[in-house]
Amino acid sequence: MAYERQPDMGTPASHSDTSVTLTIDGRKITVPEGTSVMRAAAESGGDIPKLCATDNVSAYGSCRLCLVEIEGRRGTPASCTTPVADGMVVKTQTPRLAKLRRGVMELYISDHPLDCLTCSANNDCELQDQAAAVGLRDVRYGYEGENHMGNKPDVSNPYFLFAPDKCIVCSRCVRACDEVQGTFALTVDGRGFGSQISAGQTSDDFLSSDCVSCGACVQACPTSALMEKSVKDMGKPERSVVTTCAYCGVGCTFRAEMKGEQLVRMVPWKDGKANRGHSCVKGRFAWGYANHKDRITTPMIRDAIDQPWREVSWDEALSFTAARLNAIKAEHGAQALGGITSSRCTNEETFLVQKLVRGGFGSNNVDTCARVCHSPTGYGLKTTFGTSAGTQDFDSVMQSDVMLVIGSNPTDGHPVFASRMKQRLRPDLNKDGGAKLIVIDPRRIDLVKSPHIEAAHHLPLQPGTNVAVLTAMAHVIVTERLADEEFIHARCDWDEYQDWARFVSDERHSPEVLEAVTRVPAADLRAAARLYATGGNGAIYYGLGVTEHSQGSSTVMAIANLAMVTGNIGRPGVGVNPMRGQNNVQGACDMGSFPHELAGYRHISDDAARALFEQDWGVTLDAEPGLRINNMLDAAVDGSFRAIYIQGEDILQSDPNTKHVAAGLEAMDCVIVHDLFLNETANYAHVFLPGSTFLEKNGTFTNAERRIQPVRKVMEPANGLEDWEVTQELAKAMGLDWNYAHPAEILAEIARLTPSFAGVSWEMLEEKGSVQWPVTAERPEGSPVMHIDGFVRGKGKFVVTEYVPTDEKTGPRFPLLLTTGRILSQYNVGAQTRRTANTAWHPEDMLEMHPTDAENRGLKDGDWTRLASRTGETTLRVTVTDRVAPGVVYTTFHHPETQANVVTTDYSDWATNCPEYKVTAVQVMPSNGPTDWQEDYAQLSERSRRIDTEREPAE
Amino acid sequence: MTQEGRIAEICEIHAGREGPLLPILHDVQAELGCVDAAAEMQIANALNISRAEVRGVVSFYHDFSAEPDPRPVVQICRAEACKARGVEALMPSASAAAGERVRIDTVYCLGLCSVGPNARIGDDLHARLNGERLTRLIENA
């Protein structure tokens, strides 16, 4: 489709159930009560001139361009701030209005440069459009008077610039920052003629301000005052394609605005149901990695990892790989082979990798990176509710009365959803005063207190004591008779509930007794429990701070217990919602990436399910579950596991105990890395298959709310093949007869073999935009909210969750507890974001430490420290802050130079082996340089990344 | 007491009010002679609003200044009514009397239109000014 701006209705939609009918310029139209005259006119096909109005912020009424005449009313009211009324007769275009509008426009243009032809917004500028619409022909005031021309632009933000001479001070940017993003970074400085947009205080520029670079202001700007630098450089796009972001689990939909095969900008799509037209710095701006010089686009092989890489053709790479895999299989059997699917790839690609492992390699040794993040969610929610997925859609949060956020940092990890949360939490935006917030986190995350948001309760627990805190909350709810027994009787197994209730009621689970373990003041905990149980619709949002523990699965079940005991399941506004870290964690899990499960969470030992796949694929499947990632690595060290195909995951950097991962990889005969970059794992690889970015392929991603959304190819793969094609070619080279022509065919196979996807098809997604599974005959439109009439498993199951302290304990040598997390501007191991200008905000991993602990060690802000655990040690710089409690330190894991996971341990979740990233006993001491491991590793990286290039002989 | 301590106290006094920002800014300006960048930041934190929001309000009103000005201030109304009653003719001598020692601020309406030209020094209003009275006021400010 040729480039066209997204339609702008001027003011936000009204959601009233009452209809109002009015006449606009002779056209009758019926709209919901509360709709503005401006929006009603737009919906009836009109277009009232406007400058300060845009449909993602509330009406403001400052530009005086949208004036209309209304029969029986005096004057010319602004159509953006005037709500419709029954029988209203409106005229939007009359000679009187034209004169008024032209007069207003004259004033605007008298202080605006007339350099349209060389302006970066040329032909994509609302000011230009409105000047045309009002028929401006002359400016009587001339251009010589006092004006703002020549004011220097602020280019401090890496992605966009602010040109004050182009600014008309409509304040759309300020309002977008306040209402859409909720950061309040911008303001109008001064007044009258001196008014100008300012990013904070006098000395601030955009980079130093509170700005989180979400892009909402740039999107809102009607002129080129706030403009993407890429548009300034490249000009106006020529076409746009709607696709889905490949960063976090929110799954924002964007318009990729293109010029030929060049991406000009990513603009959030207003009709996207996950993001509702909003974005964050990663999805909006951090796509430069796609064409980064580090990207490898030619296949490479080598016989041993101490050799340099050899660039080869696809044919040679695939036949080399297939020969090695077939040889290993012949010598050591199918169990010596395995694969890892990626939560960053599409559903179709993930499905093919597990199909290759199960059907081609002949083992069930397939696992996925969800192993190290949300595998406990799968186990816990399946056990209690019957489905391994979150229960709500994102829109549900707008109907919540109490939000319980545990082990999740939404403003950094899931920023677009965090903005929705803020919209519901803010008293000034909600007639009922907004929702209340409870945060359970060792660290004072931004949601605890940031402009206009304040948690009712922050329970700063000791890392590793989630189960104790949640059981104590259950103790309060049950012993204070706050349980919703009617719900429990109707929906849950009553006997199991009674067992559980007896368990939690025991005095040893009271907040007062557990305070010694959790360090959460009992009175706060009681108040928080009462609020969640009695505050109306209670919704739980949780992240990896719940799952990545030795009791991760127990914590998920404890969360489910809390939701059931308070009846907070099965309707909008409530529920249990895992915040998925990567774009397709949900999808990768759905697609049968775990060694024990086929697509749709059917156990591999289920004969009927297996038979279905065997018949469709024409193979015999092993009925025994295969190895998990960590077991594959253990088996490799033992010598029984020999070859691995890793698609789009950097297990060396992201998995715990880096040295053990390195030893496992080193022991294998054939490590195949399929990725965009020579990542850290590739240091141990024999085959490198270049991957394609999300911009270069078709397929689907499934976000944290189970929403299946299309990913559309906007440019040809730089490596020549889409990732699903690479897997298919490898399968063919191994002798399998695969002939998919398009991911739509793979999706059809998934739908055919998976009951919860039965109604999904590529055509359906093209038509609807997105759909939330399950999509079945009973629910052909998908399922925004689950467990409405009953739990998927039948009766909800209460599970007794005994608190078992982790074996990772502090002691005299390792007195501090380390917990890890993310930061807004970086993503996971940073392979993508480190290769963008996002490093302006976060160039290195920092260690957060409480002032008391820092003082005891003689450390001050910015000092180098040595961070050591029983497993390993690394060095990084310290940030002294009271965000963390005394005794707790925190860091991120975005940078390979730091390798925070050298420090993390082998402990893992009892049920799923999800590693315990969130609790490591450490010591922190002053340091003057990198550790031996860091130096050795840097050398190894350099050595193993050599690529042999043919050189002309010297003359 | 430090500036920080005093601002904390002022914020505390007004914390429970609806719309506490303006009363706080008035008190800070009155007691400390200015609302500087550090004060903006501290008030923002105390009220849990952003520093940009505080800056927006501070910069809107001429009554708040970023740096202290130790000079006495004489506000002279130069709005329509006072203009009609001849304030402009008084301005050259007023400026001369003020010199560098006194700051003259132009304001628009002090609410005494029928008895202008008017001026204000601190909380005291002065009406029916002529050249001599205004000069004397400025000299004694």
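Along the chain as shown, residues are numbered 1 onward.
Here the Cβ of each residue, glycine as well, is placed from N, Cα and C on the backbone.
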Which listed span TrEMBL calls region 'Disordered', if the choices are A:1-20, A:141-160, A:381-400: A:1-20
The domain '4Fe-4S His(Cys)3-ligated-type' (A:96-135) - residue tally per DSSP class, helix then strand then coil: 27 helix, 0 strand, 13 coil
Residue counts (helix, strand, coil, in that order) that DSSP gives for the region 'Disordered' (A:1-20): 0 helix, 3 strand, 17 coil
Secondary structure composition of the domain '4Fe-4S Mo/W bis-MGD-type' (A:238-294) [DSSP: H/G/I, E/B, coil]: 9 helix, 20 strand, 28 coil
